[in-house]
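Down below is the structure, laid out as structure tokens.
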């Protein structure tokens, strides 16, 4: 977003908050006439009925605007030409503001209508003061920077004096040029040095690195900076790792004029002939192996794709999760009693939903590949939203089970469909973090859905209907609107964005060439099929029999079981600990926020260090001590200690997005990628069914036997991750031995005559 646009947004927020404040003040003045009647029950005053509802509306508005105000500066900070550590510090300062949001949320509990607020308003006032104090503290943190900078410079200057004297004695700076950290092309552009084996060039195993300066170069750079500081000038520091690497797998910030085109097999004329796009590939007309572009052209384009594709995918996932999980909110409004159902009927309905969801995964993915995700996904959303809204007219057990089955069948396959769709627009190194944002929407739904339900369930009695009926109807209508909007917003591919309602499309011809060539240079296999080409039975069978992906499917079957039952029983556990309904809902929010942040960090690290199985082991080692503690913790321990233990457990960094990207990367063909996305998600759905049956009624309330089972599963997961790592390393070394033993003529003959496809090729290496 440009600076001018951001200025408009800031001004709009200022106006919005100011208008809201004026409106609040005006309402407070006229809520009771005379005004004294608002706090003095003895005064006979005319007051606005149910005026205390405005307090809740005000609190929710303040929370939302606080979050928006904290998030708004983050994109600007990300684009600052500062080292990553400084950017992280600035973002950390803004993130402290979430403490204020948390206090605001806790304060809602005390916004009750009291008969004598002047006597009973002690706790609400304390929370209000805490909120204001926290807000003022957060706003003041940024002003400490000059003081901290002065102190740090003073300490650094003292420690560097001897170093400067020694460096000047050993080397004369004046006659030496500044070091070059990167290689230069003939036009003077700086290029990033790249290390890659011949076997892995263009096959998504390219490891981009920035050439580090030698020790002497680093010394000269430090000396120059210190001397310039002493002269009173400010030296420009070398770009360091920054938060933009969350979005692009780069180790340093790039100058806009640098060439962004990455090396690939297309740079070798002898290899390029074996990786040319298929004639059926819908974007073939934009492919050009000699095409080059700069970072100034690529980075804004990636942002545009994120707004068009990633943001839509998050909203679509929000709609899916809203309609599949709102039954849990309906349960708080006597849903079962109103329909004459019991707990067994409810459990059966959930099982029917999960089985239907599971069975629809692969067929839905095959339909999507045949007619295109841009057509099938909106159709899914519209159909399931209609069924979800129709739950307004539920009248018993049969209609309940029928709607759960139909919703499961229509929602099944949505997740792999979206994954396939996103793979058309993003490189393999960019996709995992986008998927992390995608699943972040799932976590945010868990926070937003109870707030929506809080308001919608209060419609109980409106026109004589229960609140849960209005919940199903209105949230179904919301999803229907998103589905209809998706019909007009989704496009088939990067080069097929024009429509009757969008005659100019999303991208220029130059931008389309950048998109197509950057994708194919990263993974040439994405051009071996048309985006509306069906997968034949033979292709399906070959993909199902691709045993090299089975380790990832096995991981998907068990990896989050240790956290599954504690997560499903979180609200029940909190109620058993003595927390009321309102506290339970609030206390469940911190782990949702923490696990979302940790998931994003884990996904970023996995791409940063190019490791997946080892990080999966670390996740299980996070879970293992927690489930051991749950299995052995004595009865009667402090409820806050139990709460802290459960929150730490459920704050684990989910490796789910990382593993979806792992399966996509190791597929190496469009047809296998299509099938593997569905099979992996089917494994995850089976996992949820297994998790739902670990805690049993005869084991409550502490579920000792179930927690011991979770200890065993977590230990097993460590072994599975380690075995997957060993397997993929062994497979790569096995191929290395075969390839290295070939003469150049034999390698050429293999490339000319091989019938191996996808990950079966000798020149493909697995990510591990």
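Every residue, even glycine, has its Cβ placed from backbone N, Cα and C.
Automatic prediction, not curation, is the source of TrEMBL annotations.
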Original post:
Can you say which of 687-708, 709-730 is given as transmembrane segment in TrEMBL?
Top reply: 709-730
Original post:
What range among 350-374, 375-399, 400-424 does TrEMBL record as transmembrane segment?
Top reply: 400-424
Original post:
Quick one: which of 541-562, 563-584, 585-606 does TrEMBL have down as transmembrane segment?
Top reply: 585-606
Subject >> Annotated stretch (transmembrane segment, per TrEMBL) among the listed ranges 285-307, 308-330, 469-491, 492-514 >> reply: 469-491
Original post:
Counting Cβ pairs under 8 Å that sit 6 or more residues apart, are there three or more between the transmembrane segment (436-457) and the transmembrane segment (709-730)?
Top reply: no
**OP:** Grab the pLDDT values for the domain 'Rhodopsin' (4-150) and give me their mean, rounded.
**Re:** 67
Subject >> Remote residues contacting the transmembrane segment (585-606) - C-beta distance under 8 A, at least 6 residues beyond either end >> reply: 98, 102, 105-106, 108-109, 245-246, 432-433, 435-437, 439-440, 443-444, 446-447, 450, 570-571, 574, 579, 612, 615, 619, 643, 646-647, 650-658, 661
